[in-house]
Amino acid sequence: MTALRNLWRIPTARFALVVLAGIAFLTVFGGALAPHDPLKQYTDHVLEGPSATHWLGTDYVGRDVLSRLMSGTRLSVVGAAEAVIIGAALGVPSGLASAWLGPRLEWLTLRISDTLVILPFTVFAIAVAGTLGNGLQQAMFAIGVLISPIFFRVTRSVAMGMRRQQYVEAAELMGATEWWTLRTHIWSKVLPNVAVTFAQATGAALLVVASLSFLGLGVSPPAPTWGGMLASDLDYLAQQPWAPVFPGLLMMAAVGSLNLLADAVREATGDARRRRRSTPRTASPAQSRHEAQRQTKETARA
Amino acid sequence: MTRASSPILTPSRRGFLGLSLAAGLVLGLEACGGTSTVGGSSSAGGTGTIKWAWQLPTTWDPVTSSAGSDVQMLALTYDAITALDDQGNATPWLAEKWTYDDSGKVVTFTLRPDLKFSDGSPLDATAVAKSIERGRTQDGSLIAPQMATIKSVKADGDLDVVVELTEVDYQYPLLFAGKTGMVVNPAVFEKDADSLATQPAGSGPFTLTSYVQNDHATLKKNPNFSAADEIKVENFELYPQPDPSTAVAAARSGQFNLVRLGGAQLQQAKDAGLDVQVINTMFVSVLDVNVTMAPFDEPAVVEAMKYAIDREKLKEVAAFGVGDVSYQPFPPGYVGYNPELASIYAYDPDKSRQVLADAGLKTPIKAVFTSSGQSDAAVELTQAQLKEVGIEATIDSIPATQHTQLVYLEHSKALAYDGFAGRESPVQAFQVLFGAEGLMNPGRTTNPELDAQLEKVKRTPTDDPTYPALLQEATKIAVTSFPNTFLTLVPAVIARKGVSGLPTRPSLRRFEGVTA
């Protein structure tokens, strides 16, 4: 709760949370609240501009753009979330295990992680969709696997730092089990870093989902998605040069807010004062966390 | 400079931000704008170079070309033995005349005198006979099946090519107007046939000077072309079709001066000051139906589908009014076009529902509708129209590069949106669409009645008065008994900048007399 209170004190965090709450609302209720059936074709009103009936106009077969944006939020966001959850589910436990369960497992997980890092997101997703079939689940599984090294590295980095702390060693000497030490001393330090990574990876995944649906992969038409709408709008720029702005703005707001939130989480969970007071020669837990969070940012940006 | 003048020249941070936003807005609106005040008239030409953004061929060898549309690009570097007129009749090209003997099994093509390949070597009857022989016998030849009824080919003197057939077939003059009749220099294919994939060796109006696969081809005028005087440009550049969102801008900027457009860009091109030409073609959009796969293994579903599609709406919405509706594989004016079929499956959703009800079928009927991105709007409109009558089709998007493999070779798709580019010989078109081995007949359905009718067509000289009626009857049999669902005729929409008008032949884009 303290971390949440700290987060809310940061203006950019408040802004990001409000925007993300709006997008979450659309994700859950967008389809139900849409003024029109997002698949209904008003073929006598094709490519019309905004009007009282269609607030954001109609698309190339006369469908209501606002309704498609609202309904399309769910597929876009759920797809991204699915990929990130898969990434976290694969990356966090393996990161902890890598730091805790011996050199053989460490070597193996590092090699797998290194291999996955060199694979390009979109191309790999296209290859998986081509192999397993063109579906959202297949594409998101591929993205999730490729995101997992980010979680792996961040988790491992923090866990390694914690492992060398005197109070952890003391707990182990006093007979604490590895499981108890992980739960009590490590997980609480890893979690904020995972949260930062989660926010940033979700932003990246949103863009990948949009890119894939832009390329015609993942979601089959006529189901609306932000990327799919953007792609089809580009074919009709002569008639509606402003049309790509709407899905583009939603994407920008979602990804930008997630990045702002990630920064704010890092700021809220890091203890700046202690970092400033501590001497460079002592490696405090806060320093380890800060270093891990810095790595989180760098890894996610890479 | 005095200090007093500095504030005027140095805007504040907020002012600078405002100026930046204003400049960005102006640039953005300019980039997005569909209309232009900048002239792009044809009078600005005179470069002597045609830059044609159309497509690149799958190969520069007509024998191994795997796309029907390749004929457009191959015709830049190769000459065919005959040509087609606007009605689809064979006319002289390399051959100035042809005659069948009384049995109808021997046809002699007489070449024009003094023909030359682009390298200057003579294009005589021996070369033509060798070229035909290679096409029908070479391993991997994709035109060999069309010449299955050729028994032998030989030269008779310098100008006569004698083709002996195993059965009566008056379609060869038509067949030789396309890739099948394109003459390849024997001196090249006898030495290194593989080189033809990237280095064409023909006698057409241009010769290839450089070729970067999937990127561009550069050609120059062939002085040995038989009608070289009619070629008014010195250079020709060939590019793939640009993205619809950039096609008009590419033409305006001069990147290309001849660009293929979609219907959605037609008005934009006119507004931009480009010359726009709409040329009727043989291309017709069609639904390929595999009747061995559910639910189309039930004839009532196929019949209901034909009545359920509002082709007028497809034309209006998906093609922006360009083209026309079609219920048959040939356009009006073509000899095989049957006027009786002009509205045979006119939009009638009530009848469609009735057909399903009479067959005792329960709706919704589930189906999978494969799209390779040829026209998203047409596919989505068709899907919605089918749903109206109770056929719920899920769209399955596949890459365009997999279409031939999945739909035509593996026959693994029940329903697919596609287009038929036409063929030089109508019998050849029937074989492709409705033949037992027809590429666009995924269900491999056959109809003995159609086969018998086509035999009559083949045995009838194309200038015989009964020929049109026989062919049109074959069209009627095919359209009413096969599942292929024809939708709309698709003209070529071409934007020109500084290039004179193109000849309006429906089968082939030609450049004789075209200036740039």
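Numbering starts at 1 and runs along the chain as it is shown here.
Placement of Cβ uses the backbone N, Cα and C atoms for every residue, glycine included.
Automatic prediction, not curation, is the source of TrEMBL annotations.
What you are looking at is a predicted structure, and each value in this text was computed from that prediction instead of being measured.
The transmembrane segment feature in TrEMBL is assigned to A:12-34 (among others). Residues 64, 66-74, 77-78, 250, 253-254, 256-258, 260-261, 263-265, 268 of the same chain sit 6 or more residues outside the transmembrane segment (A:12-34) yet have a Cβ under 8 Å from a Cβ within it.
Look at TrEMBL and you will find A:73-262 tagged as domain 'ABC transmembrane type-1'.
Taken from TrEMBL, the feature transmembrane segment covers A:77-101 (among others).
The transmembrane segment feature in TrEMBL is assigned to A:108-129 (among others). Sequence-distant neighbours of the transmembrane segment (A:108-129) (same chain, 6+ residues past either end, Cβ-Cβ under 8 Å): 94-95, 97-98, 135, 138-139, 141-143, 145-146, 148-149, 152-153, 156, 204, 208, 211-212, 215, 217-218.
Using a Cβ-Cβ cut-off under 8 Å and counting only residues 6 or more beyond its ends in the same chain, the transmembrane segment (A:135-154) has close neighbours at 75, 79, 82-92, 94-95, 98, 109, 113-114, 116-117, 119, 121, 124-125, 127-129, 193-194, 196-197, 201, 204-205, 208-209, 212, 217-220, 292, 295-296, 299-300. Residues annotated as transmembrane segment in TrEMBL: A:135-154 (among others).
Taken from TrEMBL, the feature transmembrane segment applies to A:190-217 (among others).
Sequence annotations record features per position, and here TrEMBL assigns transmembrane segment to A:245-265 (among others).
The region 'Disordered' annotation in TrEMBL covers A:269-302.
Feature annotation from TrEMBL assigns compositional bias 'Basic and acidic residues' to A:288-302.
Within the chain, the transmembrane segment (A:77-101) has long-range Cβ neighbours (under 8 A, six or more residues past its boundaries) at 23-24, 27, 109-110, 113, 136-137, 139-141, 143-156, 159-160, 163, 178, 182, 186, 190, 194, 197-198, 201-202, 205-206, 208-209, 218-219, 225, 254. Counting residues 6+ beyond its ends, the transmembrane segment (A:190-217) has Cβ neighbours under 8 Å at 3, 76-77, 79-81, 83-84, 87-88, 92, 96, 121-122, 125-126, 129, 134, 139-140, 143, 147, 150-151, 154-155, 157-159, 162, 225-228, 230-231, 251, 254-256, 258-259, 261-262, 265-266, 269-270, 289, 292-293, 296-297, 299-301 in the same chain.
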